[in-house]
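Q: Before anything else, here's the structure in question.
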């Protein structure tokens, strides 16, 4: 069994040297991701495709490989195929017939062939021959070239016949690390998650800068979003997560800055700080989730004033998107449930925000800040490899707080998102299971019976550890992590 990875069309249009570089990078990225699934994964680059071989003794890996390939930037689509050899067109038909005989009963069908290499036949001739044979020697209703019930997809490469069993749509975009790095300002809401994803998809290693305005719970939530985006779409490369304690800035804004200018000043301080951090990391651009007119600080006038605080390029991929489109995209990429539970702090600090800030007035207000304020918060910022988010949780959740077996008096809480829980329901005989999504756990845990011990469960164990850590920090001692 193999997967044939088709390159995104924009890659195919590049010059030969660029196309070669992009294809090599995509091959490396695929190998880096799939090696984490299975060390025996084999990836082979060709001029216009990449072949991924599933180990013959591990056919069960096909689903995991397919799921990972669907989330790697630079891929148009992936076809899962079974491989055969052939000597003639009739030989092709004879191998297709037993595979599709039962499937075609009572169905309309057509045959589609893609061919590369030198042969004494063309693709249309194969389609006609195989289609005619299937129509005659199966119980199919007949051939229908438009909107058939079943399409028999075949790919012929020299002496190899690939029978397509499944097609998986890819992300598109460019392979990771074919573009320069960016630093994304992430708050955990709908916008910043989607804007970060857009640049991952575009092939830029996306590092994360978080301005902490809401304490430990806010940071834990944002780390969950960043880790999800990296683990799902950018796992082939290392990135950094920078947490900046921004409460001192907010405190000075509330004490010293004119009420109408607060929102714009806060954003300018964030951009200044992020630009300093980006410069230290050798990064040339910032990414934000701002969308034109969505809030008062995002008018054209205010965005122009915000941009004047730094010479660094500020990229806004969502600038013309409607809010509902952003929410729909967050649902598609898996960040919607995180965003629903994330508090919004930036919009509440100004009661009458200006929509037409004047640069001179804003700069005059900013002179009221302490001289070394940005230096102080940068010095207190914490930079970690994003992989350490999971590792830190492993270290801070002790062995006594992680269990693999369950006592009858313990209760398991499935904290997965509703869609994930429905697709793979957790069932443990004789054990009570409560279903509380992670984004509701912080508010609902206090209502549970304090005499019982609760074991948090999620698929990968990262989110359950983050949530357990937060609850423990809040003083709860009756919570552990369940890792079967």
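Using the three backbone atoms N, Cα and C, a Cβ is placed for every residue, glycine included.
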Q: Can you match one of 166, 201, 202, 267 to the ATP site that Swiss-Prot gives for 185, 186, 289, 298?
A: 267
Q: Which value does the mean pLDDT take for the domain 'Rhodanese' (406-484) in this predicted structure?
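A: Computed over the domain 'Rhodanese' (406-484), the mean pLDDT is 84 on the 0 to 100 scale.
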Q: At the Cα level, what's the spacing in Å between residue 185 (ATP binding site) and residue 458 (active site, cysteine persulfide intermediate), rounded?
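A: Counting only the Cα atoms, the answer is 27 Å.
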Q: Roughly how many Å separate the Cα of residue 458 (active site, cysteine persulfide intermediate) from that of residue 186 (ATP binding site), to the nearest whole number?
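A: Rounded to a whole number, the Cα-Cα distance is 24 Å.
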